[in-house]
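Annotated features, as they stand in TrEMBL:
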type: DOMAIN; residues: A:292-322; note: domain '4Fe-4S ferredoxin-type'
type: DOMAIN; residues: A:355-388; note: domain '4Fe-4S ferredoxin-type'
type: TRANSMEM; residues: A:6-22; note: transmembrane segment
type: TRANSMEM; residues: A:63-83; note: transmembrane segment
type: TRANSMEM; residues: A:103-127; note: transmembrane segment
type: TRANSMEM; residues: A:152-170; note: transmembrane segment
type: TRANSMEM; residues: A:182-199; note: transmembrane segment
type: TRANSMEM; residues: A:211-229; note: transmembrane segment
Amino acid sequence: MLAQLLFVLISAAAIWLFARNVKKIRRNILLGKDIDRSDAPAERWKTMAMVALGQSKMMKRPVAGFFHILIYVGFVIINIEVLEIVIDGIFGSHRILSFAGGLYNFLIGSFEVLALGVLSACIIFLIRRNIIHLKRFSGTEMKGWPVSDANYILIAEILLMTAFLTMNAADYKLQALGVSHYVKAGSFPISAALASILPDNITALEVIERVCWWFHIVGIFAFLNYIPYSKHFHILLAFPNTWYSNLNNKGKLTNMASVTNEVKAMLDPSFTPPADATPGRFGAKDVTDLTWVNLMNAYSCTECGRCTSNCPANMTGKLLSPRKIMMDTRDRLEEVGNNIDKHGKDYQDGKTLLGDYITAEELWACTTCNACTESCPVNIDPLSIIVELRRYLVMEESNAPASINNMFGNIENNQAPWKYSPTDRINWINQ
Amino acid sequence: MNQLHIKTMADYMAAGEEPEILFWVGCAGSFDERAQKITRAVATILTNMGIKFAILGTEESCTGDPAKRAGNEFLFQMMAMTNIEVLNAYNIKKIVTACPHCFNTLKNEYPGLGGTYEVIHHSQLIQQLIDEGKLKIENGEAFKGKKITYHDPCYLGRANGVYEAPRAVIEQLDAELTEMKRCRTNGLCCGAGGAQMFKEPEKGNKDINIERTEEALALKPDVIAVSCPFCMTMIRDGVKLAEKETEVQVLDIAEIATKANGWS
């Protein structure tokens, strides 16, 4: 009875805490500017089904893609078992769903195979990160917390799966010994092999089974509450992130409406801008100048580095890393969010995304080639953030490289980016 | 060089006629010495196919693409609105261009500012002419047995999903089309996009065009095919730096089509 009460209390606390942190992230994301991404719902559902649910972009890198799908499928399906564990925890029952008989045995058996799959994949991922030192997981932004974060996630999953299999092994042995509480149910293709290393003493087995049961479920609740602080939040945001992703041709940049009004007024003096037009800032200096989709992108990033490893600027040694752009955006947004919590919503800390996190040199290295947006497995768009920050640099600060300013001057004066006379435009005919 | 007779929109208007299509030449195609040859190749194809086309001539201006990519939305919209005024005044319906940057901007960014046209890239026009049986290039002796690799321009490929049209031309030839590892959606940029064409690269350990040209040269091709005037400049510079310009030609898809027909 005490165990049941404790279980209910722990579950309630875990869920309450998780909901609170998710709400905070939602509040942070909504600090971004509004953008309408509700068009073409059918295509959006399809994109989400293909890219997030179907992991269609993951297999571009077959090794990582295969093991990631193993963990993903394992994670989703083993959650059915967690449902039973929660019911058992509340009612003090044991394997309450075992009435399903053959189906139950099949499910438990599959969970075991999947658990072994998850366990192996996590070990392989740890080896790739810490022993092979894959280049994709290095870079200036991959120091300290991002490295630990990745390892914590993998270690947590290994511990959870180990506890799960050990719990089953003890259960299997207790069932075989005919201990009354342990109903004969389930099939244990993996943990049966583990059973031989466990003691034969019933009390010891009961202790092992209970300890692993508690470790597993409390571990899951703890992990749940780790996710909002971690890059692992992608397991939730991958879905809305793909649903709200850009469906236009990748080459299309937004036309700024605020600029359209000014240009129209310039070309036609009789033009009066609409009353609701707010001048504001041109481009983005801080995270709150970006759209909420940009900000959701930042929370969806799991720092896999496919964008950066395909970025032509990054691979030729330039400072730009699209992954860093996303991580900086999230870090700055968390900082802005914490400031609001501590000092109220109008607090200014004197810092901005541009300057304190992202430098002009990074921005000017971008070729706008869309390799980053193409390679992102959850359709994150670092390019739109880069362009917004460039817009601020150019239109608010007139801070462009001299050669770029020359190009602007040529377009203004000669209608071409080079210094040629407009009358020479037809010289090619007689060349 | 054969003499080209090119009419402008103003010529057509004066004669009270309308062309089938506007050929948007672009700034590189107008002023860059190497790109001018591509422009002439496109004009030759249009002429020899009997297509009624016009250029804007001196009434054409920069689309504003490099300004927009560099963050100068004011300048971009100024250029766009001025161009749209000209295009709409001439009642333009269909545009072909040999520059993927112009193509992308005209196709994707002009409609929102009041300029909606059917915009195609010259590789798409050439593919269409091949499909219709009008343009035949299979007798291209100039490319017999040659090894050709194709470099995808970002603004044609990833930006607008045009991967097959330029390849269709090469596939018609009695030549071997060999792909680089980074092709189609994985294509590597030449280094010129996003206004990089107009500035020195940021500090790094290699230039992007060198990285790309090395990849192409590793295949030991006779021809590196491109379909963008900026890629042409970047890849040619890379080939020159590798001192391979006598062995490896860098040609635009339009030039391949005209050479295969013995038109140039």
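Yeah, the Cβs are placed from backbone N, Cα and C, and that goes for glycine too.
For the domain '4Fe-4S ferredoxin-type' (A:292-322), the DSSP counts in helix, strand and coil order read 19 helix, 0 strand, 12 coil. Looking only at the domain '4Fe-4S ferredoxin-type' (A:355-388), the predicted model's pLDDT averages out at 98. Long-range neighbours of the domain '4Fe-4S ferredoxin-type' (A:355-388) within the same chain, counting only residues 6 or more positions beyond its ends whose Cβ lies under 8 Å from a Cβ of the stretch, are 47, 51-52, 55, 57-58, 60, 234, 237-238, 241-242, 245-246, 250-251, 253-254, 283-285, 289-291, 293-294, 297, 300-302, 304, 306-313, 318-326, 328-329, 331-332, 399, 401, 404.
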